[in-house]
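S.K.: If you scroll down you'll find the structure; I have some questions about it.
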Amino acid sequence: MSTHPFILEINQPLQLTDQHFALALTPEDILTMVAPRYSSDYLRPWKHLSSLMSDFNTTIKSDRAKFQINLDVQHFAPEEISVKTADGFVVIEAQHGEKRDGHGWVSRQFKRRCPLPEGCCLDFVQSRLSSDGVLTVTAPLENQVASNERIVPIIQTGPVKKLGTRNETGDGEGSQRSPAQNEE
C-alpha cells in the first residue's frame with residue numbers, strides 16, 4: 001500500500017462521480033466499496049464499462065462551427081429544466097420535488113455551469129430535449145475571416161436599365177434587316 005494512494009491513479013481518466021442518483025448499483029460500485037484502491041498492475045476491465053456502454057455522461061464538444069453540450073436529464077420533466085446564458089456561461093438547472101420510486105422517495109436537483117468559448121453567438125444558443133432524455137445545448141461560433149478578403153455589398157441607387165432592347169417595328173437604328181431587305 002502506497003503512502004500516497006493518488007500517485008497510482010495518475011494515468012486514470014478523471015470522472016465526475018455520483019451523477020446517477022437513485023439508480024441500480026453496478027459491479028464497479030460494489031467492488032470499489034470492498035477494495036477502493038488497487039495496484040496499477042491489477043486490471044479490472046469492467047471498471048469503465050458502464051461509462052463506455054451508456055450515454056449518461058455529460059459531453060462537451062467545441063469545433064470551428066459550434067459549441068455543444070449533451071447532458072442526460074431523463075429523470076426530469078421538460079418543465080423542470082431551465083437553460084440560461086449569463087456572464088459568458090451556459091447555466092443548466094433542473095429540479096423536481098419528492099417522487100416515489102422502487103426504493104422509497106427521491107428528490108433530485110442539479111446545476112451545471114459551462115463556460116462558453118470566445119466567439120459564441122449568445123443570441124443563437126439553442127436547446128433541444130430528445131425523447132430519450134438527452135438535453136443538447138448548441139451555440140454557433142462566429143465565422144472569422146482568415147484572409148484580408150472582404151465582400152463589398154452592391155447598393156442599388158435607381159431602377160435597372162435594360163440593355164440590348166431592339167426596335168421591333170424596323171424603323172429605328174437598332175432594327176435588324178434581312179439580307180434581302182438590305183439589297184433594296
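Cβ from N, Cα, C; glycine included.
What TrEMBL records for this protein is below:
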type     : residues             : note
DOMAIN   : 47-157               : domain 'SHSP'
BINDING  : His96, Glu98, His103 : Zn(2+) binding site
REGION   : 157-184              : region 'Disordered'
COMPBIAS : 175-184              : compositional bias 'Polar residues'
S.K.: To which of the binding-site residues His96, His103 does the lowest count of other Cβ atoms within 10 Å belong?
M.R.: His103
S.K.: Could you list the residues of the same chain, at least six apart in sequence, whose Cβ is under 8 A from the Cβ of Glu98 (Zn(2+) binding site)?
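M.R.: Sequence-distant Cβ neighbours: Trp105, Val106, Ser107.
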S.K.: Give the mean pLDDT for the domain 'SHSP' (47-157) on the 0 to 100 scale.
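M.R.: That stretch averages a pLDDT of 80.
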